[in-house]
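A.B. asks: Here Swiss-Prot flags D34, D86, E158, E160 as Mg(2+) 1 binding site. Summarising the annotation, Swiss-Prot assigns DNA binding site to R47, R70, E158, G231, D233. The Mg(2+) 2 binding site annotation in Swiss-Prot covers D179, D181, D233. Under the heading region 'N-domain', Swiss-Prot lists 1-104. What Swiss-Prot records for 122-253 is region 'I-domain'. Annotation source Swiss-Prot lists region 'Interaction with PCNA' at 336-344. The feature region 'Disordered' is assigned by Swiss-Prot to 351-380.
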Amino acid sequence: MGIHGLTKLIADQAPGAIKEQDIKNYFGRKIAIDASMCLYQFLIAVRQDGNVLQNEDGETTSHLMGMFYRTIRMLEHGIKPVYVFDGKPPQLKSAELEKRGEKRAEAEKMLAQAQELGEQENIDKFSKRLVKVTKQHNDECKKLLTLMGVPYIEAPCEAEATCAALVKAGKVFATATEDMDGLTFGTNVLLRHLTASEAKKLPIQELHYSRILQDIGLTNEQFIDLCIPLGCDYCGTIKGIGPKRAIDLIKQHGSIEEILENIDSSKHPAPEDWLYKEARGLFLKAEVVDCSTVDLKWSEPDEEGLIQFMCNEKQFSEDRMRNGCKKILKSRQGSTQGRLDSFFSITGSLSSKRKEPELKGSAKKKQKTGATPGKFKKGK
C-alpha cells in the first residue's frame, strides 16, 4: 500500500525534490528493485485477452515474461539491477493483510457476478484485483534471475526496508518501487516507474529524500510522524485528518504525541490502542539484511540453463530466449565503461540553490495517490 497521498503531498510541498528522468540516465547505476512490486505489475500488465499468460499446462507465465524482458531492458541501458524479495511480514502488518483478504473475498463475489452478466470490463477489473504474488512466482523468478546472471537478495522482512538500507550503505544508488514508504524507511533516492511498461512511456520519477526534508522543513523522525497519520501498512489513522492538516499539525507540534495532546479528540479520535509508536519504531529500526555481508556480482547468463527452464519446462520460444541471452551478453560488454561520477562520493541530494527544470507530465499533475542477516543470492 505504501503511504496514502504522499506522492501528491511531495509534489505540492517539495516539487524541487522530484526530477523526471529518462532510463538512459541511469547507465552504470546499481539499483535495488522491490521484487514483489515488479511481480505484481507483471501479473497485472502482461496479459492476453484480459487473462494472465499461461503455458499449455495451465501454468501462469506472465511474471517470467515480465521479469525476463524488463530486466533485459535495464541491462541494455547499462543499469545493474539487484532484486530484493520480501521476507516474513512484520506482525504489525497483520491487520492490513486481513483487510486485503476481505477485499479479495469481495472482489471474488463481484467477479462471479460480472461473469454471470457477461460484463467484460468488470471481469477484467475484478480479475486484476484478485492478483496475488505467490511463493511459486517468487521462487521461479529467483531461478530465472540466477540463470540470467542477475543478483537478488532475500530480505528478512520488508523488501523496501532492505532496499533503503542498501542505498544508505552505498551498495546501490537508489530504490526502485512504486510504494512511497521506501522514503519513510529512509532511502536517499527513490525511483518510480523504472520497471513500468515501455509502452506507457512514463518518465522515471526520481525523488530525493534529503531535499524533501529540506523543502518541507522536517527532520527524519518528523517525516515518519507525518507518514503514519497519512496512512501506512502498520496502524490506523486519526479520523478527519487529511494530508494538508497532517503536515500543518506536524510542523506546528513536531510529533504525534504533541498532536494528540493538542487536537480535539471528540472531533478527531485516534484509533483505540493506536500502535503509532510501534509503527514509528519499525520505520526507524527496520529488520534488514546485514549490508556488510552483501557482495553484488553480475555474471554471464547460463544460456543452456535458461533454455532448459524457460523453454523445456515453461514452453517459451527458444529463439526468443537465445536472442535475449545475446542481448544480455552484449549489455555486459557495454557496461564495462563506468560512470564518471563513480569516482566521486555521491550524496544523492539536490541543491536548492539551482533552478529546477519545470516538471511535466505526472509530476506536474495533482495526483490522487499517493540489521539482521538475510539471505543473499547472486548470479552463478
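Glycine is no exception: its Cβ is also placed from the backbone N, Cα and C atoms.
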A.B. asks: Let me know how many other Cβ atoms fall within 10 Å of the Cβ of D179 (Mg(2+) 2 binding site).
C.D. replies: 23
A.B. asks: Roughly how many Å separate the Cα of R70 (DNA binding site) from that of D179 (Mg(2+) 2 binding site), to the nearest whole number?
C.D. replies: 19
A.B. asks: Please report how many Å separate the Cα atom of D181 (Mg(2+) 2 binding site) from that of E160 (Mg(2+) 1 binding site), as a whole number.
C.D. replies: 7
A.B. asks: Per DSSP, what is the residue tally for the region 'I-domain' (122-253) in helix, strand and coil?
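C.D. replies: Across the region 'I-domain' (122-253), DSSP assigns the residues as follows: 69 helix, 15 strand, 48 coil.
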A.B. asks: G231 (DNA binding site) has how many other Cβ neighbours within 10 Å of its own Cβ?
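C.D. replies: Total other Cβ atoms inside 10 Å, all chains included: 20.
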A.B. asks: Report the residues of the chain - excluding D34, D86, E158, E160 - with C-beta within 8 Å of the mean position of the site's C-beta atoms, for the recorded Mg(2+) 1 site, in sequence order.
C.D. replies: S36, M37, V84, A155, A159, A161, T162, C163, T177, D179
A.B. asks: Checking the contact step here: among the binding-site residues D34, E158, E160, G231, which have a Cα within 10 Å of the Cα of D179 (Mg(2+) 2 binding site)?
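C.D. replies: Of D34, E158, E160, G231, within range: D34, E160.
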A.B. asks: Hey, which of the binding-site residues D86, E158, D181 is the loneliest by Cβ count within 10 Å?
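C.D. replies: The binding-site residues D86, E158, D181 were compared, and D86 has the fewest Cβ atoms within 10 Å.
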A.B. asks: Count the Cβ atoms, other than its own, that fall within 10 Å of the Cβ of R70 (DNA binding site), considering every protein chain shown.
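C.D. replies: Other Cβ atoms found within 10 Å: 22.
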A.B. asks: Quick one: Cα separation, E158 (Mg(2+) 1 binding site) versus G231 (DNA binding site), in Å?
C.D. replies: 17
A.B. asks: At the Cα level, what's the spacing in Å between E160 (Mg(2+) 1 binding site) and D233 (DNA binding site), rounded?
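C.D. replies: Rounded to the nearest whole number, the Cα-Cα distance is 12 Å.
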A.B. asks: Taking the binding-site residues one at a time (D34, E160), which has its Cβ surrounded by the most other Cβ atoms within 10 Å?
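C.D. replies: In terms of Cβ crowding, the pick is E160.
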